[in-house]
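Peer 1: This is the structure I have questions about; it appears just below.
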Amino acid sequence: MNIIWQELKTHRKSLMIWTIGVLVMVFAGMSKYVGMEGAGQSLNELMENMPAVMKAIMGIQSLDVSTPLGFYSVLYTYLVIMLTVHAAMLGATILSKEERDQTAEFLLTKPVTRSFIISSKMAAAVIQSTILNIVSFTSSLAAVYYFADTADGLWEIWILSLGLWMLQLLFLSIGSGIAAMKNNPKKAPAISASVLLTAFFISIMTDMAEALQPLKYITPFQYVEADRVISGNGIEAIYVILSIGIMLVLTWATYHFYKTRDLNI
């Protein structure tokens, strides 16, 4: 418990900064809906005439962006990017920072096993990711209600937030797995960022080219589709199963490699 508390204290400032960032993004993003609300059909026509690559990056598919939930779906894409970046970087650094800062010897002198250290650190990381997700969910509901003057969309935003939490935990496990396997702790964040950017690039390509649709199973950014959720179809079960499977494998890898490799002291 002391390790969990210490990790939360260490990351409290960065968590506060990320929290403020989420709040600013949600309220600033939804405030634009007020200015565009009267555009109606012309806004949809503008989006329709966008280049395919821009629509893929913005996450615009077949939804009516002149509606509150349709407009929120565009904002949701950026929330996914923001919170998965946080999760990947957190997973990569929370295990490797003692080696990076050359304080691993102090941590390992405590009467605890490496498994306990991993569990405590990952618990702290999950708590931080969950806090950000709750902030994203509650601020999204508040922003949609305030700026769009409607209470509709509670269920859809709830499902999207659960999907986002799943993606956060997935990228958290990717970051921790990479950190556990790499002997050089300084490389873990860079590799994690590269994996995330590659996954996002593949997601964009699958949205642009029908022939690349099979690749959607290897990029987590395709696992939670805002247009599908808002249309009432939820998240496909295959993506939930894939996510759980990947997380289990990477969690095993985190424990296995961190316990067996020599740490940089």
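These residue numbers are counts, starting from 1, taken along the chain as shown.
Including glycine, each Cβ sits where the backbone N, Cα and C put it.
Note that TrEMBL annotation is computational and uncurated.
From TrEMBL, here are the annotated features:
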- 15-34: transmembrane segment (TRANSMEM)
- 75-95: transmembrane segment (TRANSMEM)
- 116-137: transmembrane segment (TRANSMEM)
- 157-181: transmembrane segment (TRANSMEM)
- 188-206: transmembrane segment (TRANSMEM)
- 237-258: transmembrane segment (TRANSMEM)
Peer 1: How about the transmembrane segment (116-137) and the transmembrane segment (188-206): at least 3 CB pairs under 8 Å, pairs 6 or more apart in sequence, or not?
Peer 2: no
Peer 1: Would you kindly list the residues that approach the transmembrane segment (237-258) from elsewhere in its chain, counting only those six or more residues past its ends and only Cβ-Cβ distances under 8 Å?
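Peer 2: Distal contacts: 95, 114-115, 118, 122, 166-167, 169-170, 173-174, 176-177, 179-181, 217, 220, 222-224.
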Peer 1: Any residues 6+ beyond the ends of the transmembrane segment (15-34) with a Cβ under 8 Å from its own?
Peer 2: 68, 71-72, 74-75, 78-79, 82-83, 86, 128, 131-132, 135-136, 139-140, 143-144, 146-148
Peer 1: Would you kindly list the residues that approach the transmembrane segment (75-95) from elsewhere in its chain, counting only those six or more residues past its ends and only Cβ-Cβ distances under 8 Å?
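Peer 2: Same-chain contacts beyond the ends: 7, 11, 18, 21-22, 25-26, 29-30, 57-59, 118, 121-122, 124-125, 128-129, 132-133, 136, 140, 160, 164, 167-180, 188-189, 191-193, 195-196, 200, 220-221, 224, 226, 254, 258.
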Peer 1: Apart from its near flanks, which chain residues at least 6 from the ends of the transmembrane segment (188-206) lie with a Cβ under 8 angstroms of it?
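Peer 2: Here the qualifying positions are 53, 56-57, 81, 84-85, 88-89, 91-93, 95-96, 171, 174-175, 178-179, 182, 212-213, 215-216, 218-222.
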